[in-house]
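Q: Here it is, the structure, as structure tokens.
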Amino acid sequence: MTAFRLVAVALVVVVACSTTWARSLEGSSSPVASLIRGRSLSKRANFDPSCAGVYNRELLGRLSRLCDDCYNVFREPKVATECRSNCFYNPVFVQCLEYLIPADLHEEYQAHVQTVGK
């Protein structure tokens, strides 16, 4: 009976400590705290902080893939970075769009840029 009480008390102490510790991490913005709370740091891997519009993973993925394809065609490092600059609102993105995407889809891609952009 004494062993049971000791285990019960130990369990209560562990739960109380873990709850207090978890609460102390709620206000923390460190990467470790984010992982502990069960949030993935890679959820917004394609997210560009210059994009002030609607966060839409699918649209950002499509726009980012266009830049990746453009880089794969031209193999110039500046293409990959400049294509994504200013949240895809730049001349390099437009050139990649014109080179790789059929003309009837250009307006759709421009609308995507407007949605995720400024």
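Using the three backbone atoms N, Cα and C, a Cβ is placed for every residue, glycine included.
The model shown is predicted, which means the values in this text are computed figures rather than measured ones.
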Q: Based on what Swiss-Prot records, which one of Cys51, Cys83 is disulphide-bonded to Cys67?
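A: It is Cys83, per the disulfide annotation in Swiss-Prot.
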Q: In Swiss-Prot, Cys96 is paired in a disulfide bond with which of Cys51, Cys70?
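A: Disulfide mapping in Swiss-Prot sends Cys96 to Cys70.
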Q: So, in Swiss-Prot, which cysteine from Cys17, Cys87 is disulfide-paired with Cys51?
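A: Partner cysteine, according to Swiss-Prot: Cys87.
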Q: If you measure from the C-alpha of Val116 (valine amide), which of the disulfide-bonded residues Cys51, Cys87, Cys96 fall inside 10 Å?
A: Cys51, Cys87
Q: Among Cys67, Cys70, Cys83, Cys96, these being the disulfide-bonded residues, pick the one whose CA is nearest to that of Cys51 (disulfide bond).
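A: That would be Cys83, nearest by Cα distance.
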Q: Any idea what the Cα distance is from Cys96 (disulfide bond) over to Cys67 (disulfide bond), rounded to a whole Å?
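A: Approximately 7 Å lies between the Cα of Cys96 (disulfide bond) and that of Cys67 (disulfide bond).
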